[in-house]
Amino acid sequence: MGAAAKLAFAVFLISCSSGAILGRSETQECLFFNANWERDRTNQTGVEPCYGDKDKRRHCFATWKNISGSIEIVKQGCWLDDINCYDRTDCIEKKDSPEVYFCCCEGNMCNEKFSYFPEMEVTQPTSNPVTPKPPYYNILLYSLVPLMLIAGIVICAFWVYRHHMMAYPPVLVPTQDPGPPPPSPLLGLKPLQLLEVKARGRFGCVWKAQLLNEYVAVKIFPIQDKQSWQNEYEVYSLPGMKHENILQFIGAEKRGTSVDVDLWLITAFHEKGSLSDFLKANVVSWNELCHIAETMARGLAYLHEDIPGLKDGHKPAISHRDIKSKNVLLKNNLTACIADFGLALKFEAGKSGGDTHGQVGTRRYMAPEVLEGAINFQRDAFLRIDMYAMGLVLWELASRCTAADGPVDEYMLPFEEEIGQHPSLEDMQEVVVHKKKRPVLRDYWQKHAGMAMLCETIEECWDHDAEARLSAGCLGERITQMQRLTNIITTEDIVTVVTMVTNVDFPPKESSL
């Protein structure tokens, strides 16, 4: 078995090396074209020099559309190292009837001519047809023989391995193929190119990527976290999930082979990132705080709402179960949108809510009943757990607000001052459940009329009694009312307005869930 594996590896290295030497073509420059040159502020056409790391290969690419037989070029230019472009001297699209045609190749100006040549069909040349070149029979022969030999060795080795493993139970949990990827608007749209890692989390990492002329976010899950990927896809695919304050879903895909699979979730990209990242680097004004808090509450209220009779079906109530500032993203105008539904529960009539295991989420944001393991497994109980965490996120906003007449604290996570950055479950139980502590509301916040009302609202969100917490809809109304009242306060009538504020009828304190 060991000798066979070594032989296979040696032959594989030889064949790969010979193939690379024979087929590799250095790309220094490519034909450049941009149909949207005025909007992108680039040249319309020209020659583009290709730059990149010395150990990376460079390619040319072309994208175009076929509109009723008329060829419209979208873009041409340089393309970064892509295994799908290796050793292609001609720029040919082989996919069957894509919406956007895409091809890539190696060699200077190789994208000057491009064509559409679907497999099993007759070539449909574009306005710039490629002149076919004579086949390289010798290269094919030298490449195929070692490949066939490798395939035979691998098949034999695999058969011996399986025969040997049948007698022994597996020690590790086997990697499972998630099956065919779900229907996705991205299947057939190229190119999608990963650019840089923006964040890492419990279930994978988030990349900034480029899809044709726009940036998108790609969340990549390892196969071990298939359940989280599947759950997030299912939640995004529910009827009525398109909302201004819920992260826009674009598609889901499976990438890689059956042995090495990554699961991709593609969403809108927001340059400002998460609320947590934003607050680390910025303070907020009172109006900015109100806008972020109100749009955040709107998103959660919509998520919690059960909405029958939509055009595309019935939207069930959904509990997020991992509300935190890292899972709230900010658009350029500071409008908030809720993200990350890997742990979410949907409450559909006549169906199980799925895995309702109580102690999930991020420890420092866990409600007292979650830390105690004393959850009532009903819909309203899960929605109230979200509201406790929302109270902590509002505290994070308040701690970085400049409205009050006092110093603005350095950004800290909830309970970081009391427990530190890496609390254990026992630490959280001691502070939250037994001592019933909450993050500190500064005394000088009470001197600002709006901040004083916000502090009262925060306390009603994180109330130890779950049934006394505000609902998300009530929270949104409170914040709207706070902003309206504080906006009319002036230097001349501040005493009058403060008197009015004390007589305002707030929405009921009890949860309306």
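Yeah, the Cβs are placed from backbone N, Cα and C, and that goes for glycine too.
Here Swiss-Prot flags 1-19 as signal peptide, drawing on sequence analysis.
Annotated disulfide bond per Swiss-Prot: Cys30-Cys60 (among others), in sequence order. In this view, Cys60 (disulfide bond) is surrounded by 29 other Cβ atoms within 10 Å of its Cβ, with every protein chain counted.
Feature annotation from Swiss-Prot assigns N-linked glycosylation site to Asn43 (among others). Cβ-based neighbour count (10 Å, all protein chains) for Asn43 (N-linked glycosylation site) stands at 12.
Under the heading disulfide bond, Swiss-Prot lists Cys50-Cys78 (among others). Shown in sequence order, Thr27, Glu29, Cys30, Phe32, Glu48, Pro49, Cys50, Tyr51, Arg58, His59, Cys60, Phe61 are the residues of the chain, 6+ apart in sequence, with a C-beta less than 8 angstroms from the C-beta of Cys78 (disulfide bond).
Summarising the annotation, Swiss-Prot assigns N-linked glycosylation site to Asn66 (among others). In the three-state DSSP assignment, the secondary structure recorded for Asn66 (N-linked glycosylation site) is strand.
As annotated by Swiss-Prot, disulfide bond applies to Cys85-Cys104 (among others). In this structure, Cys85 (disulfide bond) is part of a helix by DSSP. Sequence-distant contacts (6 or more apart, same chain, Cβ under 8 Å) of Cys85 (disulfide bond) comprise Arg57, His59, Phe61, Trp79, Cys104, Cys105, Glu106.
Taken from Swiss-Prot, the feature disulfide bond applies to Cys91-Cys103 (among others). A strand conformation is recorded for Cys91 (disulfide bond) in the three-state DSSP classification.
The disulfide bond annotation in Swiss-Prot covers Cys105-Cys110 (among others) and is backed by similarity to another entry. Cys105 (disulfide bond) carries a strand DSSP state (E or B).
The annotation domain 'Protein kinase' is assigned in Swiss-Prot to 192-485.
Per Swiss-Prot, ATP binding site is recorded for Lys198, Ala199, Arg200, Gly201, Arg202, Phe203, Gly204, Cys205, Val206, Lys219, and the stated evidence type is sequence analysis. Taking the Cβ of Lys198 (ATP binding site) as reference, residues of its chain lying under 8 Å away and at least six apart in sequence are, in sequence order, Val206, Trp207, Lys208, Ala217, Gly273. The secondary structure of Lys198 (ATP binding site), as reduced to three states from DSSP, is extended strand.
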Where Cys50 (disulfide bond) falls in three-state DSSP terms: coil
Farthest-apart CA atoms of Lys198, Ala199, Arg200, Gly201, Arg202, Phe203, Gly204, Cys205, Val206, Lys219, residues recorded for ATP, distance in Å: 14
Residue among recorded positions Asn43, Cys103, Arg200, Gly204 with Cα closest to the Cα of Cys110 (disulfide bond): Cys103
Other CB atoms, at most 10 A from the CB of Cys110 (disulfide bond): 25
Candidate with the highest Cβ count within 10 Å, taken from the disulfide-bonded residues Cys50, Cys103: Cys103
Average pLDDT across the domain 'Protein kinase' (192-485), rounded to a whole number: 92
